[in-house]
Amino acid sequence: MAAAPAPAAMKADTAAGDALYNNGDPKRGVVACVGCHGANGNSGVASWPKLAAQHSAYTLKQLKNYKDGSRANPVMMGMVATLTQQDMLNLAAYLNKQQPTLGVAQNKDSIALGQKIYRGGIAEKGVPACAGCHSPNGAGIPAQYPRLSGQWADYSTSQLVAFREGTRKNSAQMTTIATKLSDAEMKAVSDYMAGLR
């Protein structure tokens with residue numbers, strides 16, 4: 001008996017991602033992403049992430065995690081409920097192609113601490129350098145680690161807190177790291193990352 005042919009791999013359609021991101025699909029109950037995440041994935045609200053230029057594989061993983069419940073966020077879980085695999089692939093590809101807005105570190109008093117943590121970690125606490133996975137300029141490593149440069153400090157801090165408190169559980173590695181950071185260290189490194197280029 002001959003084996004059934006493997007299903008064709010889905011290909012991303014950035015034009016479809018653009019349309020879905022900016023217009024949604026009211027017939028299917030899909031809300032436009034632009035309302036919260038801003039034009040071209042550049043959120044104007046510090047508590048909502050900037051998604052522009054994020055690695056497609058990372059964005060796709062997050063969307064799937066919201067859909068399957070392994071990343072809990074009531075708003076996002078509702079938003080992805082009617083998305084298909086193809087929709088998520090298209091959105092991830094569209095966002096990856098967008099130009100990110102630059103962020104700025106705001107707290108001059110903690111910049112040295114943030115830089116120390118990001119570039120060198122905290123050896124005495126077993127915290128590795130963020131740059132080891134997220135790259136020296138915060139660009140991340142495609143298919144493995146997200147882009148962090150320019151991300152809102154408030155959002156980054158909220159995610160570190162969520163990892164530490166166990167309300168975000170979709171990265172065992174980040175949970176381990178976050179449990180070793182104080183609030184001040186989280187805020188300092190998040191602020192430093194906001195200013196990376």
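Glycine residues also receive a Cβ, built from the backbone N, Cα and C atoms like all the rest.
All TrEMBL annotations are machine predictions without curation.
The heme c 1 site in TrEMBL is built from C33, C36, H37 plus one of M76, M77, namely M76. Of all residue pairs in the heme c 1-binding list (C33, C36, H37, M76), the one with the greatest Cα separation is 12 Å apart.
C133 (heme c 2 binding site) sits 25 Å from H37 (heme c 1 binding site), taking the Cα positions as reference.
The heme c 1 site, placed at the center of the C-beta atoms of C33, C36, H37, M76, has further neighbours from the same chain whose C-beta lies within 8 angstroms: V34, G35, S43, W48, L51, M79. Annotation for C130 (heme c 2 binding site): same-chain Cβ neighbours under 8 Å, separated by at least 6 residues, are I117, Y118, R119, G121, L148, V189, M193.
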